[in-house]
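Pulled from TrEMBL, these are the features on record:
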- 72-368: domain 'G-protein coupled receptors family 1 profile' (DOMAIN)
- 57-80: transmembrane segment (TRANSMEM)
- 92-113: transmembrane segment (TRANSMEM)
- 154-175: transmembrane segment (TRANSMEM)
- 196-217: transmembrane segment (TRANSMEM)
- 249-275: transmembrane segment (TRANSMEM)
- 319-343: transmembrane segment (TRANSMEM)
- 349-370: transmembrane segment (TRANSMEM)
Amino acid sequence: MTALLPNISVPGSTAVLVATTDGPFNLTAAAQAGLGSGQSLAPLCTLCCCGFVNRTLAVVFMVSLAFAIVVGNVVTLTVFVQTRQSRTPQGYLKVSLAIADMMVGLLVVPFSVYTEISLMVMSAPPIWYQGSSTSPASSSTLGGLVSPWQPCMLIGPVFAGCTFVSISTIFLMTLERSVAILRPLHKDALVTRRRTLLFILLSWAASFLLALAPLIFSSNFTLEYNECSRMCNYTPLLFGGQLPPDANILLLFPAFDFTLLGGTLIVNIVSFTSIRRYSRKRKLLSEGSLSDGGGGGGGGGGGCPHRPSFSDIKAAKTIGILTFAFTASFSPIAVFVLGNVVGYTWCNFSFFAFWILTGNSCCNVIIYSVRDHRFRKGVTLLFQRDQSPPHGEKT
């Protein structure tokens, strides 16, 4: 989920962050003296990453995206909470997905907006900027060094955890629809509200545990704000100019994501194959009934006793579109992380990769609006609720 930006330990108990980008460096070697004197220096970078116009356009884009994410998912949550027909296992999964997306719009994107505005209007970056890498450490009563609290230690895991929640929720939605397609008579017995809520809780716990894995299982990682991606990224610490031996722990992220996305793809293929087989059989039975003068009508009913409903088929297709959209938005991040692990770095590409994935948080409501007629009806009733009828027309 995040870029690999190595830290280099230097004398004086100060770590200098060197961004392995296409050219810009956060700090030059000559700037180390400034850090030693207790001054916080702004990062040095090229116009493509940190120019005033570039930052202004990035802030406008971020604000617009945050507004779209929050408003869209608030509407989604309101519709599913206030509509009784949506209080189903599939509805609970959609609520979980909307909550994860809304957390991105409420926490992750606004933090990037705040940081970018601070870098534009202030002569020096915030004291926590780059954490202990560029901020002067203060001595504690025990003689050690105390670094300012790094907000990225919260924002980074939230973004990674919400992304994992989205992937696992889409996987659960695919399984739920596959049961409805392949085993329609056993759907109510296999997919219950209690089991669905339990799986949702497990997916949230496992997702955030995985997001914290680099910090829990290794002491060689930190989280810092990246000037290229404009987000909080996991950063491995360099030892003697070399990456730590456990730097590959970040490969857990794309491995987990592609495992679930691959499983989702396989389940979708099985479901759509069953739907196609059922549609073909229904077409053949319909042709037989016409040729037999209606005698095949009963045979058509007897030939497909366990056929899925039209709503189940349409819901399966909608989830397939959700899977495709998320896979398309996550693929650039996976390419970026894999490229970082093997030594390739792209500053501009990292920005597009991270924010394409972030933009996916406002896509679900668009897909629901196009594909789900119940959702459209719920939105219509939601906005018409304030228009109460006159007293004379009440029955």
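From the backbone N, Cα and C atoms, a Cβ is placed for every residue, glycine too.
Please treat TrEMBL annotations as automatic predictions, because they have not gone through curation.
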- Query: Are the transmembrane segment (349-370) and the transmembrane segment (92-113) close, by which I mean at least 3 Cβ pairs under 8 Å that are 6+ residues apart in sequence?
  - Reply: yes
- Long-range Cβ neighbours of the transmembrane segment (319-343) (under 8 Å; 6 or more residues past either end): 1-4, 20, 163, 166-167, 170, 173-174, 177, 247-248, 250-251, 253-254, 257-258, 261, 264-265, 268, 272, 349-350, 352-354, 356-357, 359-360, 363-364, 367, 371
- Item | Which of 92-113, 196-217, 249-275 contacts the transmembrane segment (57-80) most, counting Cβ pairs under 8 Å | 92-113
- Message: Can you work out which residues elsewhere in the same chain, 6+ from the ends of the transmembrane segment (92-113), have a Cβ less than 8 Å from its Cβ atoms?
- Response: 59, 62-63, 65-66, 68-70, 73-74, 76-77, 80-81, 86, 151, 154-155, 158-159, 162-163, 165-166, 169-170, 172-173, 176, 193, 196-197, 200, 203-204, 230-232, 358, 360-362, 364-365, 368
